[in-house]
Amino acid sequence: METDPDDKLWKVDSQARPRDDNDFDRAMSFLLKNLSVRAATGGPLFKFAAGLTESSQRIYAMVQCTRDLSQQNCSACLATGSNRMRAICYGITGCRIVQPSCFLRYEINLFLDNPANITIVPFSPPSPSPTEPSPSPTEGKGNNTSHTTRTIIISVGALLLVVQLLVLWIIFRQRKAKETVETTNNFSEENKLGQGGFGTVYKGRLPIGQDIAVKRFSSNSRQGDEEFKNEVLLVAKLQHRNLVRLIGFCLEGEERLLIYEFVPNSSLDQFIFGMEKLERRDGSKSHRSNFKE
């Protein structure tokens, strides 16, 4: 298939007139595209199609491929010719494009010897795009409602995310009772830091070498599992750079343990939630403070 002709094969009709009509160009392109499909599918012996359409003027056109071309090659050749025709013949009412493997022509006058071969191809110019109506007051209220709904959904989603992260933090911080007891040398008297109505505080050391203070609730503290969990949640929320940091907790069987970082030379009641006074082992009273000294 050949599509590159010599310059002498590009021919503008001698009777053509300059024009300024966009509908004409759209109708001409529409007609050529329709006829190109008909010619390409016409079979090995009849790769020809002719037709007419109307816009501001009546337009006649014909296209033809050589018989040796396949349907695909015929379509490609005519498409190349149509593109060249639109580029070269813009503003012209008649034009012919001759390529080695196909031929295209359109005019505003009948140029075919046999009008019976002409197919009428109706053309409808594109309708202007409708302007979008302004939103009614009802639609405005609907948009506001949708915006409010989205805001609520986003807020609830953020709250759920915070809760999930807090739960994951609690799960990560929870430790086994046996491991915690071992860090305090089985709650030995040597590791005892102090005692109060809530229970006892022991010094311990984690396997990584970090010193800790373990708050062990007494069995008669009357603090149930739910109260203990609530305290863990509240202490977790109260984390502050000036507060003794909560490292973890343990809730296993009868054991209820809170594990804090150990701060040397610091008031013992920093390990006590609720500002309870704690007696030191030497009998002196601690300050009522939860802040690092």
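From the backbone N, Cα and C atoms, a Cβ is placed for every residue, glycine too.
Per TrEMBL, these features apply:
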- 6-111: domain 'Gnk2-homologous' (DOMAIN)
- 122-146: region 'Disordered' (REGION)
- 123-136: compositional bias 'Pro residues' (COMPBIAS)
- 152-172: transmembrane segment (TRANSMEM)
- 187-293: domain 'Protein kinase' (DOMAIN)
- Lys215: ATP binding site (BINDING)
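Confidence over the domain 'Protein kinase' (187-293), given as mean pLDDT on the 0 to 100 scale, stands at 67. Across the domain 'Gnk2-homologous' (6-111), DSSP helix (H, G, I), strand (E, B) and coil residues number 40 helix, 31 strand, 35 coil. According to DSSP, the residue listed as 'ATP binding site' sits within a strand segment.
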